[in-house]
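The structure appears right after this line, and notes come after that.
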Amino acid sequence: MRKILVTNALPYANGDLHLGHMLGYIQSDIWVRFQKLQGNQCIFVCGSDTHGTPIMLKAKSLGITPEELVTKYSNRHLQDFTDFEINFDNYHSTHNSLNKEIVEDIYNKLNNKNLISKKAIAQAYDPEAKMFLPDRFVKGTCPKCKAEDQYGDSCEVCGATYDPTELINPRSVISGQSPIQKNSEHFFFDLPALEKNIKDWIESNTLLQPEVANKLAEWFEQGLQSWDISRDAPYFGFAIPGTNEQKFFYVWLDAPMGYIASFKDYCNRNEIDFDDFWGDNSESELYHFIGKDIIYFHALFWPAILSSTGYKTPTSVFANGFLTVNGKKMSKSRGTFIQARTYLDNLEPSYLRYYFASRLTSRIDDIDLNLEEFVTKSNSDIVGKVVNIASRCAGFIYKKFDATLSGEIFDPELESEFSKNHDAITQAFEKREFAHAVRLIMALADKANQFIDYHKPWQLAKEEGQEQKVHQVCSQGINMFKVLIAYLKPIIPSIVAEAERFLNIQFISWADAPKFLINHKIDKFKPLATRIEKEKVDKILEDTKKMLENEQAPQSKKEEPKLDITAECTFDDFMKVDLRIAKITEASHVEGADKLLKLILDLGGVTKQVFAGIKSAYKPEDLIGKHTVMVANLAPRKMKFGMSEGMVLAAGDGKGIYILEPHEGAQPGMRVK
């Protein structure tokens, strides 16, 4: 028995899953189900990727906390996975104390090995949003291949990685403004120091996809760079120890560690030895299933980090391609940017699972969901070929032969052919050549249907003395159906579950898949799958378009704000007003006054007393030491509380009062011009 741990890329918890996501999860789920049927101990873990600026900003725009946002989408993701029959053994999250503990432990180990350094770097800063911009919040032209509209950390066209500062014509995704450069101290992981570790891992990895190996060779040729593992506040994530929550771990540092946290959580709840699977000396197998867009993180950084912190490195990393629909990139306007839930609201998951399996290979090829072919293949293969075998034979067995299969095999040669294909189908599943496995299974289905067409049990049943042959022919038909459905169990588990009920058997061992049933009692046959009507697919497209229309529906038009600007003054009139920086040295309540605070202001050696109507907005003790702006040459005004020798500048909208504060560096007495 092999011990296997499988992880799938963690979905980002700031939006709903679409069919492009489901391609990778269905691929890994099929492989895991196959391994479990083989009798291997195969544990399948995943979880939500929950940190980063996109989540923080989306939560802010919705008026909720980041925690509320990730909980909402984590729950929705898990429901989508469950309904698509993705059977994780554990589904966790990166935002919890266990993952925080793991992240900090790995960081400390790297730091103790002098693999972490600090240096000041020029960062993209959005002056309008007043925040540093993460890589993915800067877009521009790729400095390598010149592709437009690429992210600040990597190009989706050529796969190159770079710093946001290298982008051509960069712009802020938040405000659309050109970011400025601003220095900030960041933490770096010394990836070049571990180049040998990575190359040793690659050389020992016999299962690495050729496309991945070629890409790694290209990156080595370009030269590895130290990896920036920090981000500036504000940021939703784990603070780097010792930074007073001003620096946070980059999401791509703590996200892969979510694999470890999810598996460790599973181990804690099931009394499994974590080190037996992920310890440095473990002989178990570890596989990461990912999309091709995140190879860089999983095949460079991840093995480097694991190899230097006492963890087992992956046995291999398996990447899948992207999904296109009708030969084109998924599009909201065409209705082909289909969410998982939209599909599930209209069709059963088995059809899409089967279609994806019929197209998936071990290569990193993009898969096209041709909707016309999807309908044809589902109806032809699942309904017309496989299920049809049982529907053509079951009635005779149930009604005429006490629902019991024959004790003899009518065509041993054909039975042998079904059995001989077992090894080839097994190898195809093992190597993730699902399309080849499906072709082999459907070739057998064709032979089964040809057998039934040739012997025509519906005609034999009308002939006197042919009862035994009818029994044997239909029993062989049911047995061939049984073999086919057993082979398809990793792909269409819910249909197979219904078939198991009909056959009065549960397929728990892959080795038993080709075995025929002798003198075995079956149940009454009920339809296992229905044909897909084109209208169902059309409705999926219509629902997707409606969703887009709702997203783009104009918000209720707000009345444009009107500024009640006073009459113009000349420049000379304005220059008569002497505005000065003032430091508030004292602040106190004014007895008998509901709105006033008494302020003593230092103008750089000159002291002035001012009564300001800001009591509703500020506590006196909070103002002491602050700098503000005052009108220094306003004629003194005698009030019943004392003499007011100027005016402090403040803004207000009737709902709040906000005194003006100059930027750091302004000194008392400086004139404001």
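Glycine is treated like the rest: Cβ placed from N, Cα and C.
Because the structure is a prediction, the values reported are computed rather than measured.
Taken verbatim from Swiss-Prot:
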type	residues	note
MOTIF	11-21	motif ''HIGH' region'
BINDING	CYS142, CYS145, CYS155, CYS158	Zn(2+) binding site
MOTIF	329-333	motif ''KMSKS' region'
BINDING	LYS332	ATP binding site
DOMAIN	573-673	domain 'tRNA-binding'
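Taking the features listed in Swiss-Prot, we show where each one sits on the structure.
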residue : record              : Cβ contacts under 8 Å, 6 or more apart
CYS142  : Zn(2+) binding site : GLU148, GLN150, CYS155, VAL157, CYS158, ALA160, TYR162, LEU167, ILE168
CYS145  : Zn(2+) binding site : CYS155, VAL157, CYS158, ALA160
LYS332  : ATP binding site    : THR544, LYS545, MET547, LEU548, GLU551
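Cβ crowding, taken as the number of other Cβ atoms within 10 Å, peaks at CYS155 among the binding-site residues CYS155, CYS158.
Using the Cβ center of CYS142, CYS145, CYS155, CYS158 for Zn(2+), the list of other same-chain residues with Cβ within 8 Å runs, in sequence order, PRO143, LYS144, LYS146, ALA147, GLN150, GLU156, VAL157, GLY159, ALA160. The secondary structure of CYS158 (Zn(2+) binding site), as reduced to three states from DSSP, is coil rather than helix or strand.
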